[in-house]
Amino acid sequence: MSLPTTPVSLPESLPERDHTVVWHPFTQMQTAPLPIPIVRGDGSVLHAADGTTYLDMISSWWVNLHGHAHPAIARRLAEQAHTLEHVIFAGFTHQPAVELAERLLTILPDKQAKVFYSDNGSTAVEVALKMAFQYWYNRNQPRRKVIALTDAYHGDTFGAMAVGGRSAFSAPFAPFLFDVDYLPTPVAGQEEETLALARQLFTSDVAAFIVEPLVQGSGGMIMYEPALLDELFRLAREQGILLIADEVMTGFGRTGKLFASHYLTEKADLMCLSKGLTGGTMALGVTTCTQAIYDAFLSDDRMKTLFHGHSFTANPLACSVALASMDLLLADETQQAIQRISANHSRFAETIAGHPRVSSIRQRGTLLAFDLNVGEQTSYFNHIRDHAYQFLLDRGVLMRPLGNVLYLMPPYCTTDEQLAYVHEQIMALLNSL
Ligand SMILES: *Cc1c(COP(=O)(O)O)cnc(C)c1O
C-alpha cells in the first residue's frame, strides 16, 4: 500500500512573483526577460540573489554618487527616521530642509536665491516651468513660448515631456503636449546653425529657454561646449527670456565640477536638481530660482501665490540623506576620486580611439561616451543596444546603452581596478562586433 502523493507546487521565484504583479518602467513586459533580483549593494557592486555580482557603471540610473548602502548615509537616515520621518511643509518647517537649502545655495551659482522642494527630476522641471510661466503672468506680461533643444530630455510628466525632444517615447501623447520650439543642440559643426536659429526664435514673447547644460543625457550623452551655451544664454537674456538649467543628471560632480553651470559665465535663472541630490538613496527634487523670480510672486493678492506642492515636499528623511551625501561629496577624498575617474576615462578614451567599432568619443568629467560603430543609424531601438547590454551583463558589468551609445557613469567610489575590469569587458565587446 502506498500513500497518496499530494501534488507539490514549487514556490514561485521572486522574479516570477514580480512578473505576476509588477509593471516595470521603460520595459516592454511581453518580451523583457525576468528581472534580476538584487539582494544587496556594496560600493559599486550589486549582489544578485544567485551570488552573481554586477559593477554598477550607470550609478543605478544616474542617481548613485558614493556607492550602494553607504554607512554614513544609512546612519543619517536611521537617525532621522527615529526623530521625525515627515511633517507637512506648509505652515511648518524642520532643520534638515532649512540646512539643505542653505548649503545648496552656497554651492550653486551665486544668482540662485530660493529653494523649492519636490519629489524627483520631472517634478523639479514642472515646478521650474510653472514658476517661469507664472512669473510672466504675475507681472501682467504673459509669455507663452518655450524654447528647448532637440534631443533634450527633461522627464516623463506632461510638462517635462512637452519640453523634451519629441520622440517615439512621447508620440502617444503628442496631441496633449504644449507647443515648444526647438534649437538644434550646438554640437561641433552645428554651432552656427543653432546660433542663427536662436537669433530668430528668441523673441520677447518667449517665457523660458530650458537646457541640460553641456551634456544631454537620455538623448544619447550628447555633449557641447560651454562657450556655445554662454552665447545662447546671452542671446536669450537680451529678450528677457528666463533661463532654466536642468542639472538633474549633470549636478553633483558628474561633469568634473560640482555643477555643469560652473563651466559657464552666464548663469541660469532657475535650476532643477534631483538624482545625485541624495546620493541616490531617496527620491527628492529641488527647483531653485533667483530673487527676482521669487519677488514676482510676493503680493497682497493671493492669486499670485505659487499654487504647487506635493504630499512629501521636503521629506525630512530625504533632506537628511541629501545632507549626508553633500558631506561626502565635498570631502577631499571624493573630489580627488572625481578627478581620478575623469583622468582614467581620458586614458581609456585614448586606448579605444583607433578602434574600428568606435566613433564620436566624448567626455565631460566622469561622463564618458562613444558610439558603437556598426553601420546602423543611432536609435534606441537599434538591436546593437540589446546585444551590448546582454554581453556586458553576462560579464558582470551593468551598462545600459542608449541605442548604439555606450557610456560610463560610475559612482565616485569605483576603483581603478574595477574600471580596468570594465574596460576589458568593453574591449571584448568591441572585438566581438
Ligand atoms: C532623469 C532626468 C530627469 C527626470 O528625472 P526623474 O527623477 O526621472 O523624474 C529630468 N531631467 C534630466 C536632465 C534627467 O536626466
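Backbone N, Cα and C atoms are what each Cβ position is placed from, and that goes for glycine too.
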Same substrate site per TrEMBL - residue from R395, R400 joining W61, Y153, K275, G309: R400
Further pyridoxal 5'-phosphate ligand in TrEMBL, beside G121, S122, H310, S311, within candidate set D56, D181, D246, D371: D246
Nonlocal neighbours by CB distance (under 8 Å) for D246 (pyridoxal 5'-phosphate binding site), same chain, sequence gap 6 or more: G121, A124, V125, A128, H154, I210, V211, E212, P213, M271, C272
Integer Å distance between the CA atoms belonging to S311 (pyridoxal 5'-phosphate binding site) and K275 (substrate binding site): 19
Distance from S122 (pyridoxal 5'-phosphate binding site) back to R400 (substrate binding site), taken between C-alpha atoms, in Å: 21
Those binding-site residues in G309, H310, R400 whose CB falls under 6 A of ligand 1, listed in sequence order: none
Other C-beta atoms that fall within 10 angstroms of the C-beta of K275 (substrate binding site): 28
